[in-house]
Amino acid sequence: MSLADSDHELVVEELGREPTPAEAALFENLWSEHCAYRSSRPLLSAFESEGDQVVIGPGDDAAVVALPESEDEDEDEGGNEGADTEGDDTQTYITMGIESHNHPSYVDPFDGAATGVGGIVRDTLSMGAYPIALADSLYFGEFDREHSKYLFEGVVEGISHYGNCIGVPTVAGSVDFHADYEGNPLVNVACVGLTNEERLVTAEAQEPGNKLVLVGNATGRDGLGGASFASEDLAEDAETEDRPAVQVGDPYAEKLLIEANEQLVDDGLIESARDLGAAGLGGASSELVAKGGLGAHIELERVHQREPNMSALEILLAESQERMCYEVDPENVDRVAEIAARFDLGCSVIGEVTEGNYVCTFEGSEARSASDDSSGDDGEPRERETVVDVDAYFLGEGAPMNDLPSEEPAEPDTDLPDADLTEAFDAVVSSPNTASKRWVYRQYDHEVGVRTSVGPGDDAAIIAVREANTGLAISSGAAPHWTTTAPYDGARAIALENATNIAAKGATPLAAVDCLNGGNPEKPDVYGGFTGIVDGLADMCETLSTPVVGGNVSLYNDSVAGPIPPTPTLAMVGTKDGYDAPPLEVQPTAEGESELLLVGDLALESDAFSLGGSEYLAQFDGSDQFPALPSDEQAADLVGTLASVADDEATLAVHDVSHGGLVVALAEMITDDAGLDISLPDVSDPAGALFHEQPGRAVIQTESPAAVRDAFDTVAPVVSLGAATANGTLSLTVDDETITADATEIRDLRSTIEDELE
Amino acid sequence: MTVSIIRFGGSNCDRDAERALSHLDIDAEIVWHEDGLPADTTGIVLPGGFSYGDYLRAGAMAARSPIMAEVRDAAADGTPVLGVCNGAQVGCESGLTDGAFTTNESARFQCEHVYLRVERDDTLWTAAYDEGDVIEIPIAHGEGRYEISEERLAELEDDDRVLFRYCDEDGEPSAEANPNGSKHNVAGILGDRETVAVLMPHPERATLPDVGPTDGQGVLRGFESA
């Protein structure tokens, strides 16, 4: 891939000359789809990114959101990182970011996924924050394919290796399998960080004359051209051909960088910061100064290097990991260098912020080696070459946007299978999509940091932010079957589903970041689907008053096997007082002491079901319309009401109903000590009732059913499902058919992934 | 009275230990390994994490850092030393305790809650429990399988040096309840002096009542009597 002809013409017009090879490479990378969002930016204005709580919205390394003011803060118990407020009333902030590492994870699953974690954590550091939680949403081809399993195992191991080592808990996420990810898996990683208004740093250069300091790993020839590699379809030979474009991470260096960054921020030594990601030093340093409306002069040979004889271009574009670029006041440079040395990190002062162009000069090794023998003694000055001299803003923001043709997705036909209910129960509950993900999250350290009150395997995780006396709920995921069936409504459903997850733990949504994954946007049907997921996600988030404060776009997820399903991963956070939440599992109670209610099921109320997008149809090869969703008003009220009911004292258990439908939710609630006796009389379509996947539903076990009905009156339908039992068995009667399974049988069904991979 | 929590490059449970000890009103501070052991140290925590990125072998490089000579001297003088997870690996590598913690039988990292049986209640680390008590504490490690020669383990068992064993909910140290294949289900062990102990499970993660079980408090309270 090289600079397109039309881009080349624009660049020549702006510069008034031919670009140098280094400039051409910079433009090629920074104007790539991956960096410049040329096909997606015109769509992204659909997102509402503002709100009272939003401190910094999209466009920086990570978004910054204020946590609600709490009344009484905990006493300082030591160990505070990221927001040591010293008892004053400094407001606590969180940072949120999400990143995709899709193509690298196909080529090299272990290193590709690991460096994805590293990148999003450094985006957190850039804001002066300490990373406190990770969530990752992963998508692979069909689980029974050997290649899918190979990628799945490698990706999980890579995340485990990197995330565990740097001591950031992985608390939430999702794993989905779908045939259309076969040639192009997705790895989406989100990170939440903790900071406060005093510590906040941005990626906006502040003052000409300040020094630019590079801290972290030495630069080598790894990951060259990663941004442009991420902006093309994956070729058939990508596994071998593109391996050099994948970086290798060193989590030990990242951990040192986290701690060094923490001290630099604590000591107030940083004016602005940007992590080195796509397009390496060239990307980070030019974006930093462009954002401040400034320029820079960088002397590339000053960069600490791992390999001899690197060219200017290699130093500029290498994507060597674990590096940060800081803007530092000249009088603080020595202290920054001391802190870097204390953490055994390399450090070089590579140039300074200027008011002019973005300029890189190089006293090259070629010049050196050519003259070394002769010049060593006679002291001839070495040649200094100007390799880049462009306007930083033009480099960062000058890429023209694409106006691509788009085709409306087709409506699905209705073609329903006629499966035996018990057989369908077994198939759906044991599907890798709905089965237990314990095999995955057991490999992630989800408790380091001693903040994890609710961990993975639940509807949402809860992290204790003691600095603000606030429980932070985190949910992350998408649903490929939903968005394949109906891109727009499927994406709306994904937003509602994440919000329902958060509400099921008694929290209300605060903000979200998205990772929009699509195929080749030059295909009108792919672009049409992508447009649908963007609009759907934006509309439902706005309905739920949840600002989308940042995100990532990954297009060209296309291979010889075709495009991926349009996949809008949403990572949403919510807040609540305290860190406790009702359990997902049903609690054993004496007869008549509690009742199980299903709230929000519109289809059950009207006795008309749509199975489109369901795991049931995926298992039995059918198709149908996507279910009708609640109205905007109902959706917003439902989330708020569910959050308050979840925290009611009479509430014993709450579980969100989504993937796999009602049966999966009920099966997941069964334990050895508690079962459920469920009856759904007068249902015209038992399979529809059990397996449809309308989001915005929850099962609630309560001691005061009347109060729950009152709370949801005019908000959402409430249906009595039955009662808890003490026998550890699910007994589910629909119409005149009964499905029975005990806790052991359910565990066996749900252990599909462990059984295969252990 | 100050407990020094030794932070190596790559330690990641140092803040957690500080937070947990502070919760128990035990004075503690994090000490960067290059700064040496403070003179007022009355107890030492070797925290969990991935010191030196687990390069070479888990705990091997930290065990050879200069501060560990000071830690060994302090331990020999009776200063309580507790090694947790990576700190346990450092403890074994530096000769504070016998045996080694090596790759889990599953060959994977495992983060989960396990049950431990308290093997004796007359040490400062277990005075809060009764012998035979079953406590719930999380593990989070890829290299936690306790390995030692049968002969040496028999000697240690004869000396009552095994502090905790992995067990089921009823206190039975069964093979099923052994998460990593540790020899004789050993989860924690004493050094030459009873004031030195290492264990793979994380008591500091089972101390703060606002995030879960608190069965680990008793282990950390060992520093109270120091």
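The backbone N, Cα and C atoms fix where each Cβ goes, glycine too.
Automatic, uncurated: that is what TrEMBL annotation is.
Copied over from TrEMBL:
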ACT_SITE  B:Cys85  active site, nucleophile
ACT_SITE  B:His202  active site
ACT_SITE  B:Glu204  active site
REGION    B:203-226  region 'Disordered'
Item to check | Protein Cβ atoms within 10 Å of B:Glu204 (active site), excluding its own | outcome: 31
Checklist outcome for this item: Neighbouring CB atoms within 10 angstroms of the CB of B:Cys85 (active site, nucleophile), all protein chains considered, total 31
Item to check | Spatial neighbours of B:His202 (active site) that are distant in sequence (at least 6 apart) but have CB under 8 A | outcome: B:Cys13, B:Asp16, B:Gly48, B:Val84, B:Cys85, B:Ile137, B:Pro138, B:Ile139, B:Ala140, B:Gly216
Checklist entry - Per DSSP, what is the residue count of the region 'Disordered' (B:203-226) in each of helix, strand and coil? => result 11 helix, 0 strand, 13 coil
